[in-house]
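Structure, as structure tokens:
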Amino acid sequence: MASTKAKKQKLSKKHEAQAAPKVPQALAPETGAALFEDARSRLEAVFGALNIHPDAQARLMQPSLSLQVSVPIRMDDGSLKAFPAWRIQYDTSLGPAKGGVRFHPNVNQHEVTTLSFWMAVKCAVVGLPYGGGKGGVQVDAKALSSLERERLARGYIRAIADVMGPDRDIPAPDVNTDAQVMGWMIDEYEHIVRAQAPAAITGKPLALGGSPGRVEATGRGALKVLDLWAEREERTPEETTIAVQGFGKAAYHFARLASQRGYKVVAVSDTSGAIYSADGLNIDSAKKDKNKHGKLADSKLGKTLSGDKLLSLDVDILVLAALENQIHSENVDNVKAGVILEIANGPLTSSADEALSKRDIPVLPDVLANTGGVIVSYFEWLQNRSGEKWLEEEVNKRLDSLLDQEASRVLTRAEKDKVTYRQAAYRQGIERIAEAIMARGNCQNCR
Ligand code: GLU
């Protein structure tokens, strides 16, 4: 009896200790707010330059739906934790909302809103019949066990199921989520709707209707955009050096495919630091080392550098493939690269973007350079809806030809309008969204 009491006391003590769990450190609210203000100022600049109808302007200044939820999950130690999470649909004039779900401790409402806005712009830039959406859970996913991650993925879908679906809002992978997470999510969704609904989520495992080529698609698309730019500049891969910030899915496949193509990838980094070799790195060996040690900095393949040092390397192309706000007013003057290629979403603050443009350093922007992922998500959705299965060569061919057409249009427009590539991409995207908004009629309340 006494021992049961003692046990109970111990248990309730344990629960007391857990009553105030350490809340993951979110971005300071003003940091997140600044991100969205930045995005809106880019939007206003486009309104100023083009003849966008005031009705469309009004619609585009804020998201059309913001859902904040709490996702409670049972941890492996028996305790319960509730994670704040969001799904945001920025605009759905062109089609269902489309965009990934990230698991990250810094996720907050402003960040997810900004990311959903960028999704709306990028889908329109490459002419997909989609609006923009994004989701996020504020969690340190690396600290979760696999079963905890599965419960979190399923709990998230239960919380947002009412606003998603193949014709409403279609989640996909993003930072710290992958095909396996999408597999758990689609299974949960199909249990809720009691039907097969593979087109409700993209980036799924192949066995559940995922598309061949989806995992590599973001890196492949970024390389295609770089190739199109290099061709215009009459520059060959062999004479071009590249440093890559990041070594996640998009960064790794980009670096691998770029070195196969003949570019000299001299540096890559992860959160532990960077490795550098002037003669070019063997990307497959770097990946093996990363898998073995967990950290790139422990690899002996090249000289070890700090992550900051990588950003200031004297290379032809600096590829930013980690997170947002990596180059800002404090470190932009250290950049020595000739060109920036953005694979991450929003890796430059708008002040850094302006500073680079003053120094005539071209930026191939996120809303064009990282569209490969969502383009192949679109191909996955098409296959799921028609019941077709395409071969990887077919997927890659379609990705290349779509980017040939749409990315070339952006590069040409930048020359013609004498604006940066980012401004040209925003003009192409916002024009298309505004046209759809206006085509839907402008009598919002006449029903
Ligand atoms: N998360 C990726 C992005 O930011 C892909 C989104 C998708 O496939 O829907 O573009």
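Backbone N, Cα and C atoms are what each Cβ position is placed from, and that goes for glycine too.
Keep in mind that this is a model prediction, so the values were computed, not measured.
Among the ranges 1-23, 93-115, 231-253, the stretch that TrEMBL annotates as region 'Disordered' is 1-23. TrEMBL names Lys98, Lys122 as substrate ligands; from the candidate set Ser351, Ser357, Ser377, Ser386, the record adds Ser377 to that same site. With a CB cut-off of under 6 A applied against ligand 1, the recorded positions Lys98, Lys134, Asp174, Ser377 are reduced to Lys98, Asp174, Ser377. Candidate recorded positions: Lys122, Asp174, Thr218. Nearest to Lys134 (active site, proton donor) by Cα distance: Asp174. Surrounding the centroid of the Cβ atoms of Lys98, Lys122, Ser377, where the record places substrate, the chain contributes additional residues within 8 Å, namely Gly99, Met119, Cys123, Leu128, Tyr130, Gly132, Ala172, Thr371, Gly373, Val374, Ile375, Tyr378.
Applying an 8 A CB threshold to same-chain residues 6+ apart, the list for Lys98 (substrate binding site) reads Met119, Cys123, Leu128, Tyr130, Gly131, Gly132, Gly133, Asp169, Ile170, Ala172, Val374, Ser377, Tyr378. Looking only at other Cβ atoms within 10 Å, the busiest spot among the recorded positions Lys122, Lys134 turns out to be Lys134. Across the structure, Lys122 (substrate binding site) and Thr218 (NAD(+) binding site) are spaced 13 Å apart at their Cα atoms.
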